[in-house]
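One structure is given here, and the rest of the page talks about it.
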Amino acid sequence: MPILSTSRIKYTILYGQLFIILVAFSSIYPQIHGLFGERGLQPVAPMLECEEENIFQCRLPLLRFTCNLLHLSPSVGLQVLCFIGICLSAYSIVKPRWQNMAIFLILYFLYRTIYEAGGVFMYYQWDAFLLESTVYVAILAFFRDGPADIVAIFGIVVLIVRVTFMTGATKLLSKCPEWWSLNALDYHFESQPMPTPLSFYAHHFPSFLKQAATLATFCFEIALPCMYMIPVIHVRYVMFFGQVLLTTLTILTTNNGFMNYNVLVLLVSMLEIPRVPQGEPFLSMLIFARIAYDVIYKGRFKIITEVGSWPTFTLDMNYESFQKLVRYYIDLLVIIIIIMLAVTILRAILQSCLSTDKFSKMFHVAFVASTVVILSVYGFIPLLRLDEKLATKTNENPMIMTYYAAANKWGVANSYGSYRQTTGKFGRPEIVIEGSHQVEGPWKEIGFKVKPGLLSKRPQFVSPGHPRLDVQMHYAAHGTYQQNPFFLSLVYHLMQNTTEVVGLIEDYPFKNRSEPMKFVRAKLYMYHYAKMDDKNWWTRDFQEEYMPAFNKGNEPLQKYLTEHNIIIKKKSQFINGPLGLYLKQYHRLTGGNDLFYTTVIFVGMMLIRRIHIVLYPHYHNHAIDD
């Protein structure tokens, strides 16, 4: 495989990150009014109430400024910020000159505003990771190319190492018995928030294959991230393709929003690390031999075989020994990061000294190196806190916790760890909402876009998109309706036939206003995948009543929603002017998809024009001369 140049790696990451940002903005745009609108599930307007004169002392200052400047309601203001993000990311894709630090930081603040305004509908790991990774990519973009790019790329490698290791380690640190028994995948494919069609088939694989996959996952996420920074190209390629394979399989079997796509983009950074000048094949052979030896003779697992049955795998360690292993790997990661970061910075300084424009390139190196060092130090804190002893020490140090809280507030020192607890050992609980025109019935089921409902409904591929109501309904099924204000808001708006909220639903059988939905109730079912030869995709068993029947004018429900600022009776200081009224009506008539399609068409036209320039340069030169 040919070695990629630093410039090619850099612009692959920049283009890829812009595409992920474009997808993120485009995914949330059509959901804004239904989720955060004045008649949405969780209105953003109450968050803008502030008596301070300084706008920066209030929450969501960028949104307040936009609403004041353009005379917009809060939800339309969010819509405008989202549309600016769509246009800016799309235009930067087709205009490489715009791919600089300022553009990425603007996109960061735009998405961070939506992230803060979104509450429970935005507090997902992929949103936090997008914000943090955009900061790292902004440092890489800067305003010019130079030797400092290798330092910025290594900073992204450090981020990937931290995310990967924390994702794997937290599974076992959670003390979940299913992860420890290597049986988590027997339930994960069925019980994850948004399964894909392939997860149905993966669920029916033999258990030993799923146990082997779990072991391989632990290997790549816990034992091997330290190898991502080894300056031996053959080792890096093996680690790169192994992680790409693992991430791709995750994409095929899990709808995790745009998280895994973002990881794929940033994995390219692994291909740019200082190389040893001589003896790479020999060193590679030694490293691979040591890995094979550790797996065969020192592997912390056992293979149990019985005549007439498939082999099974078990972990050969307890929680205390794993804690020691985690402590060892944390120390190893920190040491390797410090050494390789120092080597990378020295390499960049040396290249700058040998260049013609020494002063500007040295300034570039100094800025990038100091920023990467600061971010890496902040990133060490959640990594070190995986060790219980170190977590206790950091909690007792007010200075460390103050700096950590500040970094975490800005999303540059996040903790990561997906599916730490396996919750689907007995199936996947699902809430089924039913509505009726009369209390005696008939009761009609409300159908969501992605989450399981009808037994014949096939799981869908929706990533990198993210239907946020469907995912939040999955988590609500693990609690009670009293613990989920958004759920009570949902049933209230369904009875009111609120256009913005109904737009988030796939099948609403009460659109005929002559027979409106006057009563609502919810039941809890336990869903399981059907057998391979079944015509349906799901089976389900009734568990209990999730929510009793409510009528349309239920006063306690309205009082509860008013107390939680979901029904807004106080008039907001931010109201729509002519522009806001036009945008809101335009959005309602087109369903919000028009702007996304317009962006896609615009990007397509620009790409076609760019290809035409490459194929027919003389034509465009003559046109310019004329």
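From the backbone N, Cα and C atoms, a Cβ is placed for every residue, glycine too.
Model, not experiment: these values are computed from the prediction.
Residues or ranges marked as transmembrane segment in TrEMBL: 12-32, 69-91, 98-115, 150-173, 237-258, 328-350, 362-384. Look at TrEMBL and you will find 122-272 tagged as domain 'Lipase maturation factor 1/2 N-terminal'. The domain 'Lipase maturation factor 1/2 C-terminal' feature in TrEMBL is assigned to 412-548.
Comparison of 69-91, 328-350, 362-384 by number of C-beta pairs under 8 angstroms to the transmembrane segment (12-32) places 69-91 first. Outside the transmembrane segment (69-91) by six or more residues, the chain places 18-19, 21-22, 25-26, 28-29, 32-33, 36-38, 40, 43-45, 47-48, 62-63, 98, 103, 106-107, 110-111, 113-114, 117, 572, 574-580, 583-584, 587, 595-596, 599, 602-603 with a CB less than 8 A from a CB of the stretch. Mean pLDDT for the domain 'Lipase maturation factor 1/2 N-terminal' (122-272) in this predicted model: 92. DSSP assignment over the domain 'Lipase maturation factor 1/2 C-terminal' (412-548) gives 28 helix, 35 strand, 74 coil. If you count C-beta pairs under 8 angstroms between the transmembrane segment (362-384) and each of 98-115, 150-173, 237-258, 328-350, the highest count goes to 150-173.
Here the transmembrane segment (150-173) has long-range neighbours at 6, 9-10, 13, 129, 132-133, 136-137, 139-140, 142, 179-180, 184, 217-218, 220-222, 225-226, 228-229, 243, 263, 266-267, 269-270, 272-274, 319, 322-323, 326, 329, 333, 337, 340-341, 344-345, 347-348, 365, 368-369, 371-372, 375-376, 379, 382-383, 386, 415-420, meaning same-chain residues at least 6 beyond its ends whose C-beta is under 8 angstroms from one of its own. Tertiary neighbourhood of the transmembrane segment (98-115): same-chain residues 11, 14-15, 17-18, 21, 24-25, 28, 60, 62-63, 78, 81-82, 84-85, 88-89, 91-92, 122-123, 127-128, 130-131, 134-135, 137-139, 141-143, 411, selected by CB-CB distance under 8 Å and a gap of 6+ residues from either end.
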